[in-house]
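These features come from Swiss-Prot:
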TRANSMEM  26-46  transmembrane segment
REGION    64-211  region 'Pectinesterase inhibitor 24'
CARBOHYD  92  N-linked glycosylation site
CARBOHYD  130  N-linked glycosylation site
CARBOHYD  148  N-linked glycosylation site
CARBOHYD  200  N-linked glycosylation site
REGION    255-548  region 'Pectinesterase 24'
BINDING   330, 360, 468, 470  substrate binding site
SITE      382  site 'Transition state stabilizer'
ACT_SITE  383  active site, proton donor
ACT_SITE  404  active site, nucleophile
CARBOHYD  472  N-linked glycosylation site
């Protein structure tokens, strides 16, 4: 069946094709400039610091000389010793430029992850450990996919330099997230095993991320972002997208119809997904008729560009009840889990009915790049919405929960959403967010923009906080949102103790409502009351590169503040 987007996409394609060809050539030249700049900077700083010939400024543990490029690259990493050890021993290291060193670093990381996979595969034991080990195997497989993405895309000239850097940082951030999730998924007695086998690959992933972040800053210093990424580069009428979405009924042009009463092609969503072609660039539209579908659904990583559209967020509902207390790892509890890139859901509800006593029980988990959710509901208690990894956008959605009910380590923007804390278990307090950034060079965080945060029911006797820092570099901002008076005046809660790491980034900007006063907020170094310039970093266009991919989804969005 023909796609409702065909005519619009074709028109945009024709309009942009000539510009893309020009941009491709410019981007290739720009990448070369970045590489050249890296060599020059490495040579200058290396020579100044050591007063030696620019060819050799350092030696490794074996007494071998290290080139200025290796020195420059490794100096920006968090694990310098590991960097010198791996890159310094690269074949012809002295003749490699920073881009070649970056690619070599990624290849070594892939080799280390492969070793870890073999170690996990050979350590399967009792049934409980097998569940977590299999989860780790899946996560490490995703890690390798993302590392391979960096190798296949780093020479692709069909994007601007800033877009290229953002892609690479996203995939490397996700690779780090998947490895961390693997360790956290293991039973406590197995975590030392996981940490020891993933130590090398985790450090190498961090180093590769640091290198590409550094090269991105060099690109900025050459003003490449300003030249190559301007509003003229993407001539898209966002309001036209809104009109098309409102005027086009995707249900009438669906490729597959799911209905509990048998009036569709299939009775379950899981069965419908089996018809999705692998890695297809064409949209596959699945219409889910009204009803409650009791199934745990997984959109596999090879299921690209799937649209799931329902009859309404309170009418077409996917319901599950997997939870941690009954023996399922958090990563596997999701009622609806998304791993296929380019996924979109509209007018759907996702519920986990396990209840508060079952603790972690995810309604929706998203671990796929370039995903959008429009007019959807995610309803559970603890850990409702798992924004696990990659770039994600939520528009006019409703998220209901109690403890850490928006959590994960993706780059996510929630815009014009309703966020509704509900009554938790007796003795619990509500925390809306728990962001999981573990590395300063990751480009991840949770951005809550123009949302309404209000209680679901009477919560006057329940302490409710905007969030707590799950990891040392936790990054969360709340901007231009309405905050009901039930929000505790301190605003934020420590994960442990009475403070938070200085390295977190929590921000508030121009919020309104009785809960928005910052007068009595916690006095943390990492809590900032943002300027307009700072807040703009966390809007759709710069934070999730939304101007590049959201227009094609036809989901309405605000690109800036």
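Placed from the backbone N, Cα and C atoms, the Cβ positions cover glycine too.
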With residue 468 (substrate binding site) as the reference Cα, tell me which of the recorded positions 92, 130, 383, 404 is the closest one.
404
Would you mind splitting the region 'Pectinesterase inhibitor 24' (64-211) into helix, strand and coil residue counts from DSSP?
118 helix, 2 strand, 28 coil
Candidate with the highest Cβ count within 10 Å, taken from the active-site residues 383, 404
383
What whole-number Å value do you get for the CA-CA distance of residue 330 (substrate binding site) and the residue listed as 'active site, proton donor'?
8
Smallest Cα-Cα separation from residue 382 (site 'Transition state stabilizer') among the recorded positions 92, 200, 404 is shown by 404
Can you tell me the CA-to-CA distance separating residue 472 (N-linked glycosylation site) and residue 130 (N-linked glycosylation site), as a whole number of Å?
30
Using a 10 Å cut-off on CB atoms, tell me which of the glycosylation sites 92, 130, 200 is the least crowded.
92
Counting distance between Cα atoms, which of the recorded positions 200, 360, 383, 404 is nearest residue 130 (N-linked glycosylation site)?
360
Taking only the Cα atoms, work out how far residue 383 (active site, proton donor) lies from residue 148 (N-linked glycosylation site), in Å, as a whole number.
30
Among 148, 330, 382, all listed as recorded positions, which has the most CB atoms within 10 Å of its CB?
382
Mean pLDDT across the region 'Pectinesterase inhibitor 24' (64-211), rounded to an integer, is what?
90
What is the interatomic distance between the Cα atoms of residue 92 (N-linked glycosylation site) and the residue listed as 'active site, nucleophile', given in whole Å?
49
Name the residues of the same chain, 6+ apart in sequence, whose Cβ is under 8 Å from the Cβ of residue 470 (substrate binding site)?
404, 407, 434, 435, 436, 495
Conformational class of residue 404 (active site, nucleophile) under the three-state DSSP mapping:
strand
Take the Cβ of residue 468 (substrate binding site) and count every other Cβ within 10 Å, whichever protein chain it belongs to.
24
